Amino acid sequence: MAVQVVNSTTVTEFLILGFPDLNDYKLPFFSIILLMYCMTVCENLLIILLVSTSQRLRSPMYFFLGHLAFSDIILVTSIVPKMLDVIIREGSLISYVGCLAQSYLYGGTVSAECFLLTAMSYDRYFAICKPLHYISMMSIKLRYGLVISSWLLGFLLILISLVLVCNLDFCGPNIINHFFCDYAPVLELSCSDTTVPDIEMMILCIPIMVLPLSFIVISYVYIFFTIFRIPSTSGRQKTFSTCSAHLMVVSIYYGSMLIIYMVPYRGHSLTVNKFLSLVYIVITPLLNPIIYSLRNKEIQSSVRKYFMVCYKEGL
């Protein structure tokens, strides 16, 4: 698709460039992203199904894992279908309202996922450091309170950004050099003064990323001290395995996000920005169910039982 520039006073649609230099790799890249998207949705739906139906997966950890899987489905679905259209067409138009809607849904889900990962670290802290009080502390009321707060807080904070963007003027050009309507590249297209939204974006990084990550780090400091006090090597390994999956997911997710949103947008190349965005938008949601299931015997047992039941009913 040819590059378009809008000369009118008000932009009504944006052109998402995506990956203009793919050339002969367009179809293989499209196929890989499509396959990863289908696998991500299927894997996370399976996690939600297992957590909802299996009696073995009734602990608070799996309750939070089910909501993390749900947030991953929303995240990839808000970005990847349009991204596939962008890849196959070598650029695709999106309406002004559609762009803002995608940006808000993406931002709200990412923020909610940050808070869900924080709630999961809180759960691991009590399970390892306060095992005798774990069941009483992580009550059903607290679980639902943490989950509902994560979703509400995530979308309410991003609503501030949405309101600020809605008050900006877009009079051209209308070309977004990314594969979705991310906040920073959209701001670059505004012909208004974006000082306030730029500052707001940096400030929002504190409650959405810095504070949750700090809480997670502090939680794991206590967890590691508790693990090191366990006398037997096998006991330390068994205890660490209960939180290693969460720690790996946090490292991948926050690692890429901090580079993108804590470093000024103009401080790194567009190629690096797109690659890092692919990591936490496409790759991380695909890996999350695998990471949590890889060394978890309860999930593995529930998966085998579920497929055995499906097989018998199919016969």
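In case you wondered, yes, glycine gets a Cβ from its N, Cα and C as well.
These numbers come from a predicted model, not from an experiment.
Quick look at what TrEMBL annotates:
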TRANSMEM  29-51  transmembrane segment
DOMAIN    43-292  domain 'G-protein coupled receptors family 1 profile'
TRANSMEM  63-84  transmembrane segment
TRANSMEM  104-122  transmembrane segment
TRANSMEM  142-165  transmembrane segment
TRANSMEM  201-228  transmembrane segment
TRANSMEM  240-263  transmembrane segment
TRANSMEM  275-294  transmembrane segment
Legend entry - For the transmembrane segment (104-122), distant same-chain residues with Cβ under 8 A (at least six beyond the ends): 61, 64-65, 67-68, 71-72, 74-75, 78-79, 146-147, 149-151, 153-155, 157-159, 161-162, 180-183, 208-209, 212-213, 215-216, 219-220, 246, 249-250, 253-254, 257, 280-281
Inset, instruction - Across the whole of the domain 'G-protein coupled receptors family 1 profile' (43-292), what does the mean pLDDT come to? Round it, please. - result: 88
Inset, instruction - Determine which recorded stretch among 29-51, 240-263, 275-294 has the most C-beta pairs below 8 angstroms with the transmembrane segment (63-84). - result: 29-51
Legend entry - Residue numbers, six or more beyond the limits of the transmembrane segment (275-294), whose CB comes under 8 Å of its CB atoms: 33, 36-37, 39-40, 43-44, 46-47, 65, 68-69, 72-73, 75-76, 79-80, 106, 110, 178-180, 182, 245-246, 248-249, 252-253, 256-257, 259-260, 300, 303
Inset, instruction - Using a Cβ-Cβ cut-off of under 8 Å, list the residues of the same chain that are 6+ residues beyond the ends of the transmembrane segment (142-165) and lie near it. - result: 60, 63-64, 67, 100, 103-104, 107-116, 118-119, 122, 183, 186-187, 190, 196-197, 200-201, 204, 207-208
